[in-house]
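Asks: What follows is a structure written as structure tokens; I'll ask about it next.
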Amino acid sequence: MKITILGAGSFGTAIAIALSSISTSINLWGRNHTDMQSITINRKNLKYLPTYELPDNIIPSSSIDEVLSDHNTCIILAVPTQQLRTLCLYVQQHIFEQTPLLICSKGIENISLKFPSEIVKEILPNNPTYILSGPSFAKEIAANLPCTIVLAGENEVLGTSLINKMSNKTFKIVYSKDTLGVQIGAALKNIIAIACGIITGKNLGNNAVASVIAKGMEEIKTLYTAKNETINLSTLIGPSCLGDLILTCTTTHSRNMSFGVAIGQGEDINKMLNKKSEIIEGVSTVKPLISLAEKLNIELPICTSIYNLLYKNVSLDKTISEIL
């Protein structure tokens, strides 16, 4: 089995390590030639996962021709949502039709207000598209610690075949047809995590955090209902919604929650954003989310409060009172 991962950040690298035990060859592609040379020489991604060594069957490369010249069992797209369209356009002429595409991006695209699967299907309509999502910190995946994530897509036969090929004892994948529900949970949980981080940073207690998580789940349900009349309960209470929401909202290993904690402790938001080397998905998602909510005529109180804090200069005290 041959797999290509497009995106050599922390998650793309971790997935490569996790799948190295069941794949004969894994291409790990990144656009930055210097970074990929460093990974090749050091056998570590010093920029994002510096303590984890890459097995020998992971082949780092910055050449898209090189990694996509042959047929792949699947191609994993592991870039932030706001970079996904650019990536798809860049590789459009290189990807073989009918090669399954597994999308790890979480969020909503600016301007178009599209979810990741909608972006990919627009540009690469002849490739089966799946969402790979769930509670999965990159460092824990790279350390071979157990996790369960979801593969969501329309073709159950192909999806099940991919799951059988890619799952192992610690990296478990379950199937879902609910592509939309999985993506809604993945998008909103990062914003809710910022809110939970603020509450934690202000030392307002675990009860308050639990309350915000519950309210956040209601906002996921509100958007889900507005986009799709039929709610799949197993999605809401499964790994990709409830599971990922709990994980992201309850530990500072989450970039989104730790960002919120820093805000709660009085750090300057703009200074933090300028210093961050990795994208805070909740920050980049909240603006298109609020535009989508206005378009759908729905109210998402917590997400709106975080948007107003980040982009409308609403005070922290007012934000906290609204969140609670």
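Using N, Cα and C of the backbone, Cβ positions are placed for all residues, glycine too.
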Asks: Record says K106, G134, S136, K189, S254, R255, N256 bind sn-glycerol 3-phosphate. Source is Swiss-Prot. Which of D178, D244 does it list for that same site?
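Replies: The record-listed residue among the candidates is D244.
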Asks: Distance check, please: Cα of S136 (sn-glycerol 3-phosphate binding site) against Cα of K189 (active site, proton acceptor), rounded to an integer number of angstrom.
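Replies: Cα-Cα, rounded: 13 Å.
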Asks: Just counting, how many other CB atoms are there within 10 A of the CB of K189 (active site, proton acceptor)?
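Replies: Neighbour count, Cβ to Cβ under the 10 Å cut-off: 32.
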Asks: So of A138, I279, which of the binding-site residues has the fewest other Cβ atoms within 10 Å around its own Cβ?
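Replies: So among A138, I279, the binding-site residues given, the one with the fewest Cβ atoms within 10 Å is I279.
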Asks: Suppose we draw a 10 Å sphere around the Cβ of R255 (NADPH binding site). How many other Cβ atoms does it contain, all chains included?
Replies: 22
Asks: Sequence order is fine: just name those recorded positions in G134, K189, S254, N256 with a Cα within 10 angstroms of I279 (NADPH binding site).
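Replies: Neighbours among recorded positions, in sequence order: N256.
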Asks: DSSP on S136 (sn-glycerol 3-phosphate binding site), three-state: which is it?
Replies: coil
Asks: Identify, in sequence order, the residues in the chain of E281 (NADPH binding site) that are 6 or more apart from it along the sequence and have a CB within less than 8 Å of its CB; answer 'none' if there are none.
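Replies: Spatial neighbours, sequence-distant, of E281 (NADPH binding site): P80, T81, K106, G107, N190, R255, N256.
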